[in-house]
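Colleague: This structure is in structure tokens; I'll ask about it shortly.
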Amino acid sequence: QFLPRGPYHLFDGDGMLHCIKISQGKATICSRYVKTYKYKIEQEAGSPVVPNVFSGFNGLTAAAARGALAAARMVSGQFNPGNGFGLANTSLALLGGKLYALGESDLPYGVKIDENGDIITLDRHDFDGKLVMSMTAHPKTDPETGESFAFKYGPMPPFLTLFRISPDGSKQPDVPIFSMTRPSFLHDFAITKNYAIFPDIQIGMNPFEMLINGGSPVGTDPAKVPRIGVIPRYAKDESQMRWFKVPGL
């Protein structure tokens with residue numbers, strides 16, 4: 001909703017949803033920002049408040065300056081990172097029969113379409129405290145069982161965690177995958193009737209490169225041999241995880 005001060009990346013934009021309602025031969029178009037915590041505090045402030053993930057810390061000097069400013073805003077109570085700083089700008093998904101706007105840096109935001117075709121943001125959803133910080137923006141739903149399968153990943157171990165969401169919307173226990181030994185940029189995955197399949201590619205997460213040298217938070221590692229990981233989708237732990245090297249993937 002506001003142009004940031006300094007560098008800007010496409011992925012740092014606030015999420016907006018669009019809806020077309022067709023009734024009695026007439027179309028009603030609605031466009032609304034997802035009312036994330038970030039969106040609301042910046043709307044109240046009238047300017048950007050939360051640092052941008054992809055472009056807000058490019059280079060050591062800029063990172064130090066923006067980090068100090070962010071710390072001052074936290075101390076003053078202007079924003080609380082515990083309430084999330086995500087954008088809900090990546091995808092929509094039906095989980096447990098409810099609609100969510102997703103972004104990989106935060107929890108899902110529940111949304112609904114009212115009888116007038118307006119888009120309403122409901123809540124930042126943590127599945128009754130069972131989901132912390134974030135999840136993939138690309139969950140998969142089995143049309144036969146109604147279950148949804150998802151994962152979360154990040155720069156700290158475990159670098160990959162699989163979980164599922166029951167048809168009633170309740171989150172099931174995490175299955176941490178410690179055999180992924182370094183952070184990989186796991187944008188997506190696949191589900192079959194029996195397995196979850198993860199690509200461990202040559203693109204990895206490197207936040208220190210962005211902080212120190214002003215580079216990208218993700219980058220390539222040509223020396224890394226890509227792998228495909230296969231695990232039973234109802235696994236209780238990672239003991240059945242199998243990794244297959246696939247050079248050239």
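The backbone N, Cα and C atoms fix where each Cβ goes, glycine too.
Fair warning: this is a prediction, and the values are worked out from it, not measured in the lab.
Annotated Fe cation binding site per TrEMBL: His138, His187, in sequence order.
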Colleague: Report, as a single number, how many Cβ atoms besides its own are within 10 Å of the Cβ of His138 (Fe cation binding site).
Modeller: 17
Colleague: List every residue in the same chain as His187 (Fe cation binding site), at least 6 positions away in sequence, whose Cβ is under 8 Å from its Cβ.
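Modeller: In sequence order, His138 meet the Cβ cut-off.
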Colleague: According to DSSP, folded down to helix, strand and coil, what is His138 (Fe cation binding site)?
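Modeller: Its secondary structure by DSSP: coil.
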Colleague: By the DSSP assignment reduced to helix, strand and coil, which category contains His187 (Fe cation binding site)?
Modeller: coil
